[in-house]
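Asks: So TrEMBL has the following annotated:
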type     : residues          : note
BINDING  : 57                : substrate binding site
BINDING  : 88                : heme b binding site
BINDING  : 89, 140, 143, 148 : Ca(2+) binding site
DISULFID : 15-218            : disulfide bond
DISULFID : 95-127            : disulfide bond
DOMAIN   : 1-222             : domain 'Plant heme peroxidase family profile'
């Protein structure tokens, strides 16, 4: 995409904006909502993988940890958290990111008690102990390639793939559980809140004006062919992490 854009209008459109547009288009083309994407971001001249891994939500996070990650970047720890987690209505995850739930959850020697028993057996068949950690499983077991609200119905049925998914509904006393219930019943409510949260996330401290640069190669800072980095796009990064 970047190469095609560069041919049409060199050094005008950033990798960050391309990622943000691609996020919106992937949702819309899969049956989800569409929205006007605010543009004008610039790309960072640096990147910090360790800081990204530290600040972005992880698959093993508890609800409290998820909430903290969202608050730390200026997002709401209830509506934004639940709405953006709904991006897991499509996509895949590797066995290595949820296999612990199947066999030895939190070093108990037992599976995660919040997992549906039938779903547990299905996942164990796909991801046996000692097996290939790179095998992929669908986030949404109901409609894996459609952007809809079935992710939330799955959580209500204890069929969230990642620990960080199921935490939204199964954590005792969770104030996010009622939102999961609402979105599971009302797809329009989910779509509306998802769009609002995506726009809010895409506006988290973007580089604009003369800040940063317009990268010619999205994997590298301009003028340095030896350093591969990530472009500065909070929306693109967070969507890919969920």
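The backbone N, Cα and C atoms fix where each Cβ goes, and this holds for glycine too.
Unlike curated records, TrEMBL annotations are generated automatically.
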Asks: So among 57, 88, 95, 218, all listed as recorded positions, which is physically nearest to residue 148 (Ca(2+) binding site)? Use the C-alpha atoms.
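Replies: Minimum Cα distance from residue 148 (Ca(2+) binding site) across 57, 88, 95, 218 lands on 88.
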Asks: Around the recorded Ca(2+) site, report the further residues of that chain (criterion: Cβ within 8 Å of the mean position of the Cβ atoms of 89, 140, 143, 148; site residues excluded), sequence-ordered.
Replies: 90, 142, 144, 145, 146, 147, 149, 150, 151
Asks: Out of the recorded positions 15, 57, 140, 218, give me the one sitting nearest to the residue listed as 'heme b binding site' by CA distance.
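Replies: Among 15, 57, 140, 218, 140.
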Asks: At the level of the C-alpha atoms, what whole-angstrom distance separates residue 218 (disulfide bond) and residue 127 (disulfide bond)?
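Replies: A Cα-Cα distance of 34 Å.
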Asks: Give the residue from the disulfide-bonded residues 15, 95, 127, 218 that has the most other Cβ atoms within 10 Å of its Cβ, counting over every protein chain displayed.
Replies: 15
Asks: Measure the Cβ-based neighbour count of the residue listed as 'heme b binding site', defined as the other Cβ atoms within 10 Å of its Cβ.
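Replies: Within a 10 Å radius of the Cβ of the residue listed as 'heme b binding site' lie 22 other Cβ atoms.
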